[in-house]
Amino acid sequence: MSAEYHNVELRMFDEAQFTCRTLGTGLTVGLRNSKVISVRRDNETVKEIHISSLSNIYRFSQKTVAVCTKKCVGDAVFTTYLLGFDSPGDVRGFLNSSDLLKPLCNENKKETRTSIFDRRTDSWSAVQYFQFYSYISQQQNMMQDYIRTSTYQKAILANASADFRGKVVLDVGAGSGILSFFAIQAGATRVYAVEASNMATHCNSLVQANKLAGRIVVISGKIEEITLPEPVDVIISEPMGYMLYNERMLESYVHARKFLAPHLRQPVKKKQNRRERERLDEDDQSPYVKQLSDSEHSDEVLTDELDCEDIDIEDQVHDGATKLSNKSLPCPGIMFPSVANLYIVPFSDEALFAEQYGKANFWYQQSFHGMDLTALRNAAVTEYFNQPIVDTFDIGICPALPCIHKVDFRTVSESELSSIDIPLNYQITTCSTIHGLAFWFDVGFLGSQRDVWLSTAPTEPLTHWYQVRCLLGTPLFVQEGQSLNGRVVMHANSRQSYDVQIELIVPGSETKIVNSLDLKNPHFRYNGYPPAPPPGSHVRSPTETYYANLCAQQQQQQQMEMQPQTMVNNGNPISLAAAAAAVVGGVGMPNNNSGQINYRNSPVYTMNQATGFLAATGSIPNIVQTIPLAVANDNLLQNQSHSMQLSPQPVNQSSLEFGRFITSNNSQIASSMLRSVNIPSATPVIEPLTNVSGSGIPTNESVYYNPVISSNFGDSCFTMNNVVNPSKNWNSGIHQE
């Protein structure tokens, strides 16, 4: 006797009368000799059901098994028994208790089969994955990524009236539910927030606390396994991992297209549709479309991959967005994000390469506490170079333009995401040594009103995705103008990640460098500091730049410490409160109606930063054309440490505007009211100026002039004369363009 199952109910179905009669409850069921199902009450046999190859056994429901038997081959009458077990586990155990029953169990896969997610994922990997995202601290880490969270909110709210207002939205992998809240802010009627980890409980708590229980419905489960009570109009998610594809969440995001209303599903190639239908099961089908595969109209079934004879998806893609040339085709459903670009570029980083080799050199020791480690040195090198490096870097280490791999989430199939082959072709712009390939991605939210992009590029503010670099096992020296070809092949694995193969080839030679990497095992190298530019990036003396910046900062500090009492307006003292209005209207009086400056006839005031003052009676268009480029906005020289200009440059007179101050990288000119401060300790000297550094000041105009404080470094002279950074009080009330 095999394992026994208790508390079983036995019924017999009468096919002639279409009735079901109960034979007993609280029974014990066991399989004897693999051919007889014995049903007993205590020690009394209630029924023995003989099974053979002529019998049919079905899992009738979650807890019920139907056993159909007949006496001989020619007998057309089946006797059907229904066994009601105490739990689904008892049903599985019973059906697997005999080799004779196992194939019968597998005939009906409706309840015993696994989902698409389970078939492609190791159970231990799924447990770790969902446990990781169930932690509040991890959700906080993502939510505090300002670039990520704010870009999603901007994309959703910027398309609120056209894409979200009055719509039903599906949030795939909702996590804390932050994207669902954004959809509600945009006017969505209802949001289904699907979350497979235990974070679903916390998400529901936030929904209840924010009094949105009727509008945000939290569903605990995998997107591949759940059903929805209605189709949706919009799908939102944050499915990107390191190097875009890690964690294989993109496949779940694409799978969610089956929940879109039928008229919103994007068509794909017919050949893909046929291939997918061969393996199509209930998990793949839309829960709103009746299965018609057994009828003569089976080709009319609407799945998330529709027949489309003349459409070539590759021809539709332009700048990351899909444009349908045939207006009769269904409009694509809104998916945020809609498209993604993966950027791949070679890089040169001798320090990183040496760092990885340095780690492996630990295993060169022949006497580590008396133990010889050298046998593992080669294995250590292989392991360290198989790790993708997650950090950030200066774009200057890349000697070529990146290659771009585009994906459209509205049309791509799940199978296309399981194997990715990306050809590479570069034209080298700088002689360098290539140590590997760098990866980052941008995703686009293509809305009806506005397109919004989220970038993880090294030239953009840092996100929690950073960038990823894959090292080559052997460096490759390339010259300017040389071509470099290769490919990146990514194969999905059951650990929710990818096995990455990179290959670089120098055309016309035998040189070929390859490496294999495990995206599941990255090395997190980011140390919290901004990346330094690569060696050799300075085009002028860093020492001179440093001391010029220091001098400018000191002079600005002296200016801020000054407490002037009066200003001079054509010889008449005025209060500081009236200073801002001194030039309005062209006669030294405020013009409250226009709110702007009539600078054509306005008197000009300039100030020496250190010890004196300079006053001129001319108008602004005739004022200084030569201004030092070391003056920035409110924070002097902020962000200018690498591009500081030490010598003056002429500027365009027509560019002079109030409220604009020049930086070394900005052609907008500092010209807000250059003014004079009467400092008691200063002794003004009145003399005509025929020309001040080519400023073009007329010779018949008098100015108050004091010597300029300057710092000389070789042939360069850094000066702060004639340019000031006005205080907030001075700028108040002045219109800025």
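A Cβ is built for glycine as well, from the same backbone N, Cα and C atoms used for every other residue.
In the record from Swiss-Prot, residues ARG148, GLU195, GLU224 bind S-adenosyl-L-methionine; the candidate from GLY93, GLY166, GLY173 listed for the same site is GLY173. Cα spacing between ARG148 (S-adenosyl-L-methionine binding site) and GLU238 (active site): 9 Å, rounded to the nearest whole number. Per-residue confidence over the domain 'SAM-dependent MTase PRMT-type' (126-503) averages 85 (mean pLDDT, predicted model). Largest Cα to Cα distance within the recorded S-adenosyl-L-methionine binders ARG148, GLY173, GLU195, GLU224: about 26 Å as a whole number. In this structure the alpha carbons, written CA, of GLU247 (active site) and GLU238 (active site) are 12 Å apart.
Note: the Cα of GLU224 (S-adenosyl-L-methionine binding site) and the Cα of GLU238 (active site) are spaced 17 Å from each other.
Between the C-alpha atoms of GLU195 (S-adenosyl-L-methionine binding site) and GLU238 (active site), the distance comes to 12 Å. The Cβ of GLU238 (active site) lies under 8 Å from the Cβ of MET142, ARG148, TYR152, GLY173, GLY175, LEU179, each of which sits 6+ residues away along the same chain.
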